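Q: Handing you a structure now.
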Amino acid sequence: MFDIETLARFQFAMTTVFHFFFVPFSIGMSLVVAILEGCYVKTGDEKWKLQAKFWGKIMLLSFAVGVVTGIIQEFQFGMNWSDYSRFVGDIFGAPLAVEALLAFFMESTFLGLWMFTWDKMSKGVHWLFICLVTVGSMLSALWILIANAFMQHPAKEGVIYKMVDGHPQLKSFGALIANTQAWYEYAHVIAAAIIMGGMLLAGMSAWQLLRKNEVDFFKKSMRIGFIILTIGTLLSLGSGDLQMRALMNDDDQPMKFAAMEGDYEDVGQPLNNGEKFSDYENSKDNAQWTAIGFFNEKEHKKVWGIEIPYVLSVLSYHKPTGAVQGMNTVNKKLVEKYGEDNYYPMVTALFWNFRIMAAAGMLFLLVGVLGILGTGKKFTFMFEKKFWLYVTGLTLFVPFIANTAGWLITELGRQPWAVYGLIKTRDAISPNVSSASLLISNVVYFLLFATLGGIMIQLVRKVLHQGPSALFEKKEETSVDPFEKEAFSHE
Ligand code: HEM
């Protein structure tokens, strides 16, 4: 019914999407807690301590579930993608080992120390623990993204790798780390984590304010959330722009770029014969941007679209002129370079996911800026108007959607390659995995993820509903002496 490649890809996508619900959640929340505890260290005000302890509880939940999903993610390589693992083993071994040995250990050790040493260490040392958890989780993301960046942009042979017996072998660890793609991705993913942290704080607080639960506490959290959200959003727009413009170059992934913009044909006339990227960049034509579009992927055609002049030139080159290569031109170049194949990715998916991600960025900016203005001394509408509390509460779910859209673009846009220019996805699958086993493991994973997700939501809701005072106020000691009547009191 389903072919092996589709099932294996579906499973990888499902696992990645689910795992990536928790990655920015944990990084973002640990940063939030580090900021809140930093305020406590600086001011000595117990209110900040309560903030750090309370949001720290939600951070711990995300770490617990996130780690489980990460392990399942790694299983995939051995189970479904063993040819791929053999192919890139010499390259991936180093960054993934550093991730596990250094970053993950750092993160988990200091997380444990942070959890168990409240009031047992000096304030400064305790704060250092959570800072190291944040640094550790960010380093962990860096090593994974260095590996992912190699798949997106392995660069020319001789820089990062050399081919030995048909396999890439690591030539320079320094060049692997210096891959610009890794740093663009890293900046964008960390920005996404900061957005997630800020939005979780603001959004969860908004729901509690609607319930009139511990109003003063959640007003404080909500304002901090808006500030963090705005900073993260500005970073994500800047880093997204860098990524976008890097993709366009012929030695990167111009096909992904053209698909994200839904352009089959060149937009504007290139100079000379358009062989070089600079022929497009220096063209005096202006390129129109397709705001909304529908496509016939089989016939490689845009069926209908709303086009706005100049915008694509401005987005691509930050100037009103400049042409952009369409997918048909890029496909011709790829056929010449790599041989006959279908190099078109899933255009509709890329086009719309890009718009969802970018629109989410605009929404975060709006909510963040209004949030900062509307929770200050002069205006307080964000706290008081139910409409804005609902807007903030519902925007809480949008980072999950934006992150999923982002990864779909990154990974679907690279197809048909598993490692760009080196190995195709269809050649990367385990030779003896069957569709039956894939179907079963897909169902099992789906059920597992749904259960884990459900448990996570319930636990977070429970913590939020209990609120900080109930969770951390000292409970009166009840006697457990069976001869005392209090031992049987249920009041
Ligand atoms: C206008 C704003 C944005 C632009 C121009 C933009 C641009 C991009 C581009 C071009 C990619 C693909 C990179 C590649 O394959 O090399 C990407 C991926 C991604 N985006 Fe965005 N993005 C924007 C906003 C956001 C927002 C607001 C979020 C999340 C809150 C987000 C999350 C992601 C994620 C998680 C990925 C996958 C990881 C990566 O490749 O960096 N993006 N973005």
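Including glycine, each Cβ sits where the backbone N, Cα and C put it.
A TrEMBL annotation is a machine prediction, not a hand-curated record.
The following feature annotations were taken from TrEMBL:
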{"type": "TRANSMEM", "residues": "20-42", "note": "transmembrane segment"}
{"type": "TRANSMEM", "residues": "54-72", "note": "transmembrane segment"}
{"type": "TRANSMEM", "residues": "92-115", "note": "transmembrane segment"}
{"type": "TRANSMEM", "residues": "127-146", "note": "transmembrane segment"}
{"type": "TRANSMEM", "residues": "186-210", "note": "transmembrane segment"}
{"type": "TRANSMEM", "residues": "222-240", "note": "transmembrane segment"}
{"type": "TRANSMEM", "residues": "352-375", "note": "transmembrane segment"}
{"type": "TRANSMEM", "residues": "387-409", "note": "transmembrane segment"}
{"type": "TRANSMEM", "residues": "439-460", "note": "transmembrane segment"}
Q: Among 20-42, 54-72, 127-146, 186-210, point out the range having the most Cβ pairs under 8 angstroms from the transmembrane segment (439-460).
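A: Result: 54-72.
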Q: Quick test of the contact rule: Cβ under 8 Å, at least six residues beyond the ends. What residues does that give for the transmembrane segment (352-375)?
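A: For the transmembrane segment (352-375), the nonlocal Cβ contacts are 195, 198-199, 202, 219, 222-223, 225-227, 229-230, 232-234, 236-237, 240, 260-261, 292, 381-383, 388, 391-392, 395, 398-399, 401-402, 405-406, 408-409, 412.
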Q: Take the transmembrane segment (387-409) and find every residue of the same chain, 6 or more past its ends, with a Cβ under 8 Å from one of its Cβ atoms.
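A: Sequence-remote neighbours of the transmembrane segment (387-409) are 13, 16-17, 20-21, 24, 188, 192, 195-196, 199-200, 202-204, 206-207, 209-210, 222, 256, 260, 349-350, 353-354, 356-357, 360-361, 363-364, 367, 370-371, 374, 381.
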Q: What else in the chain is close to the transmembrane segment (20-42), if you only count residues 6 or more beyond its ends and a Cβ gap under 8 Å?
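A: For the transmembrane segment (20-42), the sequence-distant neighbours (Cβ-Cβ under 8 Å, at least 6 residues beyond its ends) are 48-49, 51-52, 55-56, 58-59, 62-63, 65-66, 69-70, 123-124, 126-127, 130-131, 133-134, 137-138, 141, 189-190, 192-198, 200-201, 224-225, 228, 232, 399-400, 403-404, 407, 453.
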